[in-house]
Every structure is written in C-alpha cells, then in structure tokens.
Amino acid sequence: MLKKMGDQSFSLASRIKLNNGLSMPRVHLGVYLMSGSEASPAVKYALDAGYRAVDSAQMYHNEKQVGHAILDYLKNHPELKREDIHYTTKLASNSDYNKARASISKSVKECGLGYIDLFLLHSPYGGKQARLESWRAVEDAIQDGEIKIGGVSNFGEKHLDELLASKPKIKPAVNQIEVHPFNTRTNLTTYCQQHDIVVEAYAPLARALRMKHPTIVDLAKKYGCTSGQLMVRWSLQHGFVPLPKSVRKERIVENGQVGGFTIEDADIKKMDGLDEYLVTDWDPVDAD
C-alpha cells in the first residue's frame, strides 16, 4: 500500500499550504551560482516550462536579473499576474535589527517586483542575538508589506528551538536545507514537519555527484525517468519542496516533469538507505 503522500500527483502547478495560511509552489527553480547573464534566460526557460517559483539570494548577486526576467515575462504574458510568480531571496548575513531591516528593503528595490514572496535568513551564523534581531526585522517587513512569508535556511534544531522559544510574533514557515537521498537529515526534517515548518530541499540532485549511482540508475530505469526526475520525485513524496537548479533549457524542463510516475514505498526506503551525509556545499546547521 502506498502512503497517502505517494498517491499525490505532482505538477509544476501543485502548491503546498504553509503555517500562515498562504501557499506556494511545490517545485522552485534554484539560481545558486548563476551569473546574471545565466540567470535571466534560465528564469525564462523555467517560466515557459510552467515553473512558478524562483529561489535567489543576496549572496548570489543575481536578484536584479531574476526580478527583471520575471517582470519581462509578465509583460509578455498578460494572462499572468505578479501574484502568480513566487520569488524567494535571502539575507546574506545576520546582524542587528536596523541593518537587517535596511537589507530587506534593498532586496525589494533590487528585484523590482514590489514585494518578496518568501524571505529567508540564509544561515544561522552570527550568534543568537543577530539571529533573533534579524528575525524581528523579517517580521516587521511582513507587517510593512515588503515580504509575504518569512523563513530560515540552514537552521539546525537548536536554532529553530531558540527562535520558537523567543515567542516570535510570526513563526518561520520554511527551513531551506540541503536534502537528497545521500543526505536525508531525517531528524531535522522530522522536527520541521512536527513544527509545521515546510522543508525546502536545496541541491535535491546532490549537485549531480551521484547521478550514476547504481541504485539511482536502476530505479530511474524501472520508472522510465531520468536520475534527476527520480530525485526530485523522492523529495516531493517526502513532503519537501525541491529547488532543482540548472541553466540548460532541456534540463530545466526535464526536472519539472515529475508527474508521470510514483515511487513505491519500498523504493523510497531503498533511496532513504543511500544516506551518507553527503554535504555538497556548506553545512551551518551546527553553528553556534
């Protein structure tokens, strides 16, 4: 018997409900490490393919190009409204309240979209006071209409505990962390789901480091899909929101085509068993 989650049919139009009553798309295009000149066409390819969410960050230095690519697209597709496209960006570094608040306003100007759908604290670095003050800046930006949804990224359980214990006016709706079959972070993802915090999975394809892994190759063959599609689908069936990243049109299209098959429970378990705590980039979840 498949779990209910496995029975869900997913498409790029699918949305997930958040703890603040709003919803967002189930699959986002990641634009990490893309230069501005790569990000603009990638966003267009993604929107053409039916993606309705793009994940940027102050650290990526492509907020302006991503925002403008979205605005151009909306100009050429009058059937779509600004509200139809979900735009995420992140605070480069936690600091005092005033700096964080000013930095958020700068991001809103930079993208040119009028407001930011999801704004995340990019990491827990900076210590407790900086984390809590930066979060207060996010809450105020939500109340001022600059942000719709607030969340965090790379936060471990202790950082989430600390934030929730501070009795915030607004709870984080999202924790964006590296998650894929080779780094399942089961304790942290379970914690988030128990606290009604949606897990966004960055590097859901493990940055292509394990595409040729025999288990992945065999299962992709079994389900008639690519290794990338299999890994995106694994993420979705776990209830995560994957952010597959590519600059290539055919890859972007392919990564979003995950509606045609459902991974059986036994195979999900097999993929869970591949966990080797493979960190493909940074790992701040234990930061002080």
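For all residues, glycine too, the Cβ spot is worked out from N, Cα and C.
The following features are taken from TrEMBL:
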{"type": "DOMAIN", "residues": "35-275", "note": "domain 'NADP-dependent oxidoreductase'"}
{"type": "ACT_SITE", "residues": "Tyr60", "note": "active site, proton donor"}
{"type": "SITE", "residues": "Lys90", "note": "site 'Lowers pKa of active site Tyr'"}
{"type": "BINDING", "residues": "His122", "note": "substrate binding site"}
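All features noted in TrEMBL, drawn onto the structure.
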residue	record	Cβ within 10 Å
Tyr60	active site, proton donor	22
Lys90	site 'Lowers pKa of active site Tyr'	24
His122	substrate binding site	22
Cα-Cα distance linking His122 (substrate binding site) and Tyr60 (active site, proton donor), given in Å to the nearest integer: 11
Integer Å distance between the CA atoms belonging to Lys90 (site 'Lowers pKa of active site Tyr') and His122 (substrate binding site): 5
